[in-house]
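Colleague: Reproduced below are the annotations present in TrEMBL:
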- CYS27, CYS63, CYS92: [4Fe-4S] cluster 1 binding site (BINDING)
- CYS159, CYS163, CYS166: [4Fe-4S] cluster 2 binding site (BINDING)
- 18-128: domain 'MTTase N-terminal' (DOMAIN)
- 145-381: domain 'Radical SAM core' (DOMAIN)
- 384-460: domain 'TRAM' (DOMAIN)
Amino acid sequence: MTDVRTPPTAAVPTDALKKVGFISLGCPKALVDSERILTQLRAEGYQVAGSYEDADTVIVNTCGFITPAVEESLNAIGEALDATGKVIVTGCLGERPETIMERHPKVAAITGSEAVDDVMRHVRELLPQDDNPFTSLLPSTGVKLTPRHYAYVKIAEGCNHTCSFCIIPKLRGLQVSRDAGAVLYEAFRLIAGGTKELMIISQDTSAYGVDVRYRESEFQGEQVRAHLVDLAQKLGEMGAWVRMHYIYPYPHIENVVRLMAEGKILPYLDVPLQHAAPSVLKRMRRPGAGKQLETIRRWREICPELTIRSTFIVGFPGETESDFQLLLDFLEDARLDRVGAFTYSEVEEADATHFEDRVPEAVKQERLARFMEVAQRISAEKLQEKVGRVMDVIIDEFNDDEGDAPGTKLIGRTKGDAPGIDGQVYLYAGDLAGQVKIGDIVEAIIEDADEYDLYGEVQAVKPWKPNVPMLGHFGKH
Ligand code: SF4
């Protein structure tokens with residue numbers, strides 16, 4: 001579903017409202033249409049649903065500009081139909097109803113682009129409003145579809161591994177990679193619409209394309225392989241921040257790290273290692289396990305700026321004190337920048353549920369505390385090394401206290417921090433108070449650091465010049 005942030009509906013009980021899902025595809029011009037439709041929906045007392053499950057009907061604002069966009073639109077219509085059975089199609093592809101009807105004869109209505117009134121007429125027919133005393137209370141404020149400055153791009157679904165603590169392959173099935181062309185067009189559209197940072201995600205990003213044998217597909221008249229290195233290269237050429245999540249330490253990742261050293265994509269790898277003791281890794285059935293330290297050293301040789309994030313499980317069945325000690329030693333040697341840890345907990349249906357030699361809860365907790373102590377110290381030391389440096393920081397939010405002029409204090413992230421999971425940079429805007437916008441990338445001098453976060457002051461706002469034509473002025477706040 002589209003990333004629509006609706007204004008709060010104050011005291012209106014939300015279950016009293018009819019809910020409309022909205023998928024907005026296409027260029028920023030189509031986004032403007034989407035904003036208009038969403039504004040009208042709210043003005044008439046409909047609520048925008050956050051998921052298919054919540055939606056009574058779905059509007060798909062389509063793009064028909066190029067073949068992959070048509071395909072993406074048709075797929076989105078199919079998904080929405082499967083989920084709700086009631087779909088209104090609008091936008092560019094709506095100009096070619098025969099294409100839609102051929103694939104999806106059950107759509108409820110089709111309109112062309114810039115057809116807010118027609119769309120609303122169909123919504124009213126499908127979801128008539130009863131005399132609801134609450135809807136009259138709704139404000140008719142405009143809905144902004146302003147894209148956030150970062151976005152997640154999923155490149156594959158499912159997973160081909162059989163980690164013994166995980167049931168994702170059972171839930172989602174084997175890996176199905178998207179065509180590189182589809183991913184690249186999505187990235188292109190996002191960047192054109194104002195997105196500055198793309199988080200590349202899947203269950204095992206390093207295995208991208210294996211299932212489709214690195215099939216080629218079209219992007220801007222060229223054939224591109226569904227291979228992580230090729231994809232990263234092409235994404236990097238678009239000029240936005242590109243961040244890689246869920247990478248396993250396979251040999252070809254070295255070539256991705258080379259792209260980081262060249263400044264094409266962010267020097268950041270999220271590598272969930274889960275453990276370091278060979279016997280535990282074996283029981284976990286982890287992909288890419290073994291020689292972890294060597295691999296990390298090699299990556300750092302290629303790209304000294306690299307930030308490595310990882311997650312670990314402590315107290316996995318059979319983990320002995322000496323296994324755990326190996327893990328602590330690994331942590332000291334690898335000096336990972338960002339580390340998360342969890343105690344092992346059982347997941348119904350996971351194979352590890354039947355493993356013997358469970359670690360008592362108290363031991364798990366004690367190991368977690370010891371682990372976090374080491375991880376925190378290393379993180380603090382590594383962040384301390386950044387004090388005095390000038391770093392690029394992407395601004396996520398304002399942090400003004402009462403009485404501050406707007407935009408005096410800001411919170412952002414460096415290239416080494418993913419949103420939500422890593423550290424933050426707390427900044428004073430200084431002379432630039434009021435001039436820095438959310439989503440801007442600034443140069444900041446780092447003045448202080450603690451275990452997780454950095455502190456500093458903005459020195460300059462960097463111009464934003466992606467290699468993608470900006471089709472509108474989105475992202476302004
Ligand atoms: S934990 Fe293992 S099985 Fe589960 S999604 Fe990740 S790689 Fe696949």
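Glycine is no exception: its Cβ is also placed from the backbone N, Cα and C atoms.
Remember, predicted model here, so these are calculated numbers, not experimental data.
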Colleague: Out of CYS63, CYS92, CYS163, CYS166, which binding-site residues lie by ligand 1, with a C-beta less than 6 Å from some atom of it?
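Modeller: Within range of ligand 1: CYS163, CYS166.
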Colleague: Starting from the Cβ centroid of CYS159, CYS163, CYS166, the recorded [4Fe-4S] cluster 2 site, name every other residue in that chain with its Cβ within 8 Å, sequence order please.
Modeller: HIS161, THR162, PHE165, ILE167, ILE168, PRO169, GLN203
Colleague: What count of other C-beta atoms do you get within 10 angstroms of the C-beta of CYS166 ([4Fe-4S] cluster 2 binding site), across all chains shown?
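Modeller: Its Cβ shell of radius 10 Å holds 21 other Cβ atoms.
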Colleague: Could you tell me how many residues in the domain 'MTTase N-terminal' (18-128) are helical, how many are strand and how many are coil under DSSP?
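Modeller: Split into helix, strand and coil, the domain 'MTTase N-terminal' (18-128) gives 59 helix, 23 strand, 29 coil.
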Colleague: Including all protein chains displayed, how many Cβ atoms other than that of CYS163 ([4Fe-4S] cluster 2 binding site) lie within 10 Å of its Cβ?
Modeller: 21
Colleague: Within 10 Å of the Cβ of CYS159 ([4Fe-4S] cluster 2 binding site), how many other Cβ atoms can be counted across all chains shown?
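Modeller: So the Cβ neighbour count for CYS159 ([4Fe-4S] cluster 2 binding site) comes to 23.
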Colleague: Based on DSSP, tally up the residues of the domain 'TRAM' (384-460) by helix, strand and coil.
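Modeller: Its residues fall into 4 helix, 34 strand, 39 coil.
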Colleague: What is the interatomic distance between the Cα atoms of CYS92 ([4Fe-4S] cluster 1 binding site) and CYS163 ([4Fe-4S] cluster 2 binding site), given in whole Å?
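Modeller: Distance (Cα to Cα, whole Å): 44 Å.
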Colleague: To the nearest whole angstrom, state the Cα distance for the pair CYS159 ([4Fe-4S] cluster 2 binding site) and CYS63 ([4Fe-4S] cluster 1 binding site).
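Modeller: Given the Cα positions, CYS159 ([4Fe-4S] cluster 2 binding site) is 30 Å from CYS63 ([4Fe-4S] cluster 1 binding site).
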Colleague: Taking the Cβ of CYS92 ([4Fe-4S] cluster 1 binding site) as the centre, how many other Cβ atoms fall within a 10 Å radius?
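Modeller: Counting Cβ neighbours of CYS92 ([4Fe-4S] cluster 1 binding site) within 10 Å gives 22.
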Colleague: Between the Cα atoms of CYS63 ([4Fe-4S] cluster 1 binding site) and CYS166 ([4Fe-4S] cluster 2 binding site), what distance do you get, rounded to the nearest Å?
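Modeller: About 37 Å separate the Cα atoms of these two residues.
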